[in-house]
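*Asks:* Could you have a look at this structure, given as structure tokens, before my questions?
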Amino acid sequence: MPIDPVALTADLIRCPSVTPVEGGALVLLEKLLTEGGFTCTRVDRGGIANLYARWGRQGANRTFGFNGHTDVVPIGNQDDWTVDPFGAEIKDGYMYGRGATDMKSGVAAFAAAAIDFVQDTPPDGAVVLAITGDEEADALDGTTALLDWMAANNEVMSVCLVGEPTCPSEMGETMKIGRRGSLTAWFTVNGEQGHSAYPHRANNPLPAMARLVDRLSSHVLDEGTDHFDPSTLAVVTIDTGNPATNVIPASCTAAVNVRFNDAHSSQSIIDWFAEEVAQIKGTFGVDIDTKVKVSGESFVTPPGDLSDLIGNAVKAETGRTPELSTSGGTSDARFVKNHCPVVEFGLVGKTMHQVDERVLVAQISQLKAIYKRILTDYFA
Ligand SMILES: [Zn+2]
């Protein structure tokens, strides 16, 4: 009996798996995959549940991997929803619920495709599913835990497809062959507090901060590269918290978020920050503390066999040739790329993280058909 990806999506939505809660989602998948002939291992770490499933020989030369997550973001204000966020209700062709697009439908589609594929046409090789319960939060013990465990246990993927939603509005229009890197930096400028009537007796940190923020935000990082749009820097906050107009504050903190392409690394950006900070310190005689958090480096899987394989399957099932994109935020592909070539393809993600998140029911079956065709073509 073929696995129905729509029923499976509904079952998964009914598991309230808001990060870091497992919610029954991985338990359900483990049972289904075990019945489908997969060897399943729970790779839990740091209070996070993860599931590794393999059909076929360990370490096979041709191993096709799928990666995805069953955790979901919080529902927000339940009163804003017109349906039960964990009810999987179907209305006017859409299935509603938290995770409907991001990405329980994707996980259901690849699990159903993988089980059907190995039963219909057992391949000479292996099919691997690496499913995490920690993608939406810090992702410290999610896909990285799976990849660490795989490396320690001779488990491999030759290539990997991440099933995140990648299409902006029409099914099949976009796949992602890379992602920009992301980092956030906090700058604290420390001067000397004083009376605003006697500014010469204080050292006001605000002009220094204004200059720093202006220099950073007006700098052109690059003009874009072969596969990427230009890198961007956004000033996201400037805080002094000074309610008094007769006081020059002692310090001020600002944060910037940088989304960078393959013309940079997090280190090259950090080095640039250091140069700018040194200049401002010299000019204004202030101290500046810098704190940086790197969320991910930029990466690209250059167009080739893997993107062709996926593009051809998408074209065959939807009639559309997907555009190769590197836009958007980060995803777990940033970890997988250290293990093997990785591309992301999934359905339309318009409502992800929104109230009344929903997926076109027909797209779930279409996505399963695409994933199954990818497996068939890969092992042909
Ligand atoms: Zn996601």
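Cβ atoms are placed via backbone N, Cα and C, with glycine included.
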*Asks:* Since TrEMBL lists Glu136, His353 for Zn(2+) 2, which candidate among Asp92, Asp102, Asp308 does it give for that site as well?
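*Replies:* According to TrEMBL, the candidate sharing the Zn(2+) 2 site with Glu136, His353 is Asp102.
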*Asks:* Taking His69, His195 as the options, which does TrEMBL list with Asp102, Glu164 at the Zn(2+) 1 site?
*Replies:* His69
*Asks:* When DSSP states are folded down to helix, strand and coil, where does His69 (Zn(2+) 1 binding site) land?
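*Replies:* In three-state terms, His69 (Zn(2+) 1 binding site) counts as strand.
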*Asks:* Rank aside, I only need the closest one: which of the binding-site residues Asp102, Glu164, His353 has its C-alpha nearest to that of Asp71 (active site)?
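*Replies:* Checking each of Asp102, Glu164, His353 against Asp71 (active site), the shortest Cα distance is to Asp102.
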*Asks:* Given the binding-site residues His69, Asp102, Glu164, His353, which one's Cα is the least distant from that of Glu135 (active site, proton acceptor)?
*Replies:* His69
*Asks:* For His353 (Zn(2+) 2 binding site), just count the other CB atoms lying within 10 A of its CB, please.
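*Replies:* Taking every protein chain into account, the count is 14.
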*Asks:* Under 8 Å Cβ-Cβ from His69 (Zn(2+) 1 binding site), six or more apart in the same chain: what's there?
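*Replies:* The list for His69 (Zn(2+) 1 binding site) reads Met103, Val107, Ile131, Thr132, Gly133, Asp134, Glu135, Glu136, Gly142, Thr143, Asp332, given in order along the sequence.
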*Asks:* Say we define neighbours as other CB atoms within 10 Å of the CB. Which of the recorded positions Asp71, Asp102, Glu135, Glu136, Glu164 has the fewest?
*Replies:* Glu136
*Asks:* For the domain 'Peptidase M20 dimerisation' (177-280), what does DSSP give as the number of helix, strand and coil residues?
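*Replies:* With helix first, then strand, then coil, the domain 'Peptidase M20 dimerisation' (177-280) has 32 helix, 38 strand, 34 coil.
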